[in-house]
Amino acid sequence: MDLKFNSSRKYISITVPSKTQAMSPHIKSIDDIVVLGINLSRFNKLTQFFICVAGVFVFYLIYGYLQELIFSVEGFKPYGWYLTLVQFAFYSIFGLIELQLIQDKRRRIPGKTYMIIAFLTVGTMGLSNTSLGYLNYPTQVIFKCCKLIPVMLGGVFIQGKRYNVADVSAALCMSLGLIWFTLADSTVAPNFNLTGVVLISLALCADAVIGNVQEKVMKLHNASNSEMVLYSYSIGFVYILLGLTCTSGLGPAVTFCSKDPIRTYGYAFLFSLTGYFGISFVLALIKIFGALLAVTVTTGRKAMTIVLSFIFFAKPFTFQYVWSGFLVVLGIFLNVYSKNMDKIRLPSPYDLIKKMVDLRKSGTLAQTV
C-alpha cells in the first residue's frame with residue numbers, strides 16, 4: 001500500500017509490506033528472551049518472573065553448596081583464582097554451545113564494552129572465590145548481601161535511575177536481614193582476615209557496577225544472554241590466564257588438582273554447570289525487570305543457601321535466623337510491590353482510619369435505628 005502526498009515542495013512515500021512478505025528471523029526474534037531453550041516472551045510478566053526466580057533459586061542453591069564443598073577439600077583454599085579460571089573456561093564452552101543453537105549468532109555489543117564487562121566479571125567472581133581462602137563462608141555472605149545498596153547507587157550514577165521509598169526500604173530490609181541472619185554463625189566460628197576483607201570488598205564493588213552495566217548494554221544493543229556469557233567469560237578467561245602465568249600461580253594449582261582430578265575438576269564442572277544455568281536466569285531477570293530486582297532475588301537466594309549450609313555442614317541454629325528471614329521476606333515483598341504499584345493498590349493509613357471511622361458511624365447508626 002502506498003500513500004503519496006504531492007505538493008510543490010514535498011513528496012512522501014510510505015510503503016507497508018504485505019502479509020505475504022516474509023520478515024527476517026532477526027526481526028522476528030528481536031524481542032524474544034530465550035533461557036536454556038525456554039522462550040520467556042510467550043508468557044506474561046508474572047509468569048516470566050516466577051520462572052526466572054525458580055531457575056535462580058534451584059541452580060544457585062546447588063551452586064552455593066558446591067562452592068562450599070570445593071573449598072572444604074583439604075589444601076584447596078589457596079587456589080581460588082585457578083577455580084575461577086576453570087569456571088570461566090566451562091562458561092565459555094557452555095555459552096558457545098548455546099549460541100550455536102540460536103538463529104542469530106552475530107555479536108551485537110562492541111568488543112571494547114565486553115573487555116570492560118569481562119574485567120568486572122573477573123573482579124566479581126575471582127575475588128569472591130579467592131576470598132573463601134581467607135574467610136569462612138558466612139563471613140563472605142555478610143559482605144555479599146550488602147550489595148543491594150551499591151547496586152542502587154550504581155543505578156543512580158550509571159543509568160540516572162531514581163528509586164522510590166519501597167525500593168530503598170526493600171534494600172535496607174534485605175541487607176539488614178541477611179547480615180543479622182549470618183551474624184550468629186560468624187560469631188560461633190569467626191575467621192576474619194584483613195586480606196579476605198579487602199578481596200570481598202573489591203568483589204562487592206565490582207558486583208555493584210556489573211549488573212547496571214549489563215542491563216544498560218543489553219537493552220541498548222538487544223544482545224542475547226548466550227552472547228553476553230560467551231564473550232564476557234571468554235575474555236575474562238584470557239585475563240585470568242595471563243594473571244596466573246605472570247604470577248607463577250598456574251603450575252602449583254594444576255599439580256594439586258591433578259592429584260585428585262575427579263574431586264577437583266568434577267566438583268568444578270558441576271559448580272560451573274549450575275552457575276551457568278543460574279547466570280542465564282539472572283541475565284534474563286536483568287533484561288526484563290532490571291538490575292535491582294535481579295539482585296533482590298539473588299540476595300534472597302543467599303538466605304536459602306545459608307539454610308542449606310546449616311543442614312549439610314552441621315551449623316548451630318538460633319531463633320535469630322527466623323526473625324532475620326522475616327526481614328528478608330519483607331524486603332522481597334516491598335521490591336515486588338514497588339514494581340507493580342499500578343496493579344497492587346495498598347490502602348494508605350489515612351484510608352484505613354477513614355474506613356474504620358465510617359464503619360463505627362454505620363454501626364452506631366444501626367444501633368440507633
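Just so you know, glycine gets a Cβ as well, placed from its N, Cα and C.
Curation plays no part in TrEMBL annotations; they are all automatic predictions.
Feature list (source: TrEMBL):
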TRANSMEM  49-67  transmembrane segment
TRANSMEM  79-102  transmembrane segment
TRANSMEM  114-135  transmembrane segment
TRANSMEM  141-158  transmembrane segment
TRANSMEM  165-183  transmembrane segment
TRANSMEM  189-210  transmembrane segment
TRANSMEM  230-253  transmembrane segment
TRANSMEM  265-285  transmembrane segment
TRANSMEM  292-314  transmembrane segment
TRANSMEM  320-337  transmembrane segment
Original post:
Should the transmembrane segment (49-67) and the transmembrane segment (230-253) be scored as in contact, given a threshold of at least 3 Cβ pairs under 8 Å and pairs 6 or more apart?
Top reply: no
Original post:
Would the transmembrane segment (79-102) count as touching the transmembrane segment (265-285), if touching means at least three Cβ pairs under 8 Å and pairs must be 6 or more apart in sequence?
Top reply: yes
Subject >> Distal contacts, the transmembrane segment (265-285) - CB-CB under 8 A, six or more residues away >> reply: 33, 35-36, 40, 48-49, 51-53, 55-56, 59-60, 62-63, 66-67, 69-70, 73, 83, 86-87, 90-91, 94-95, 214, 218, 225-226, 228-229, 257, 293-294, 297-298
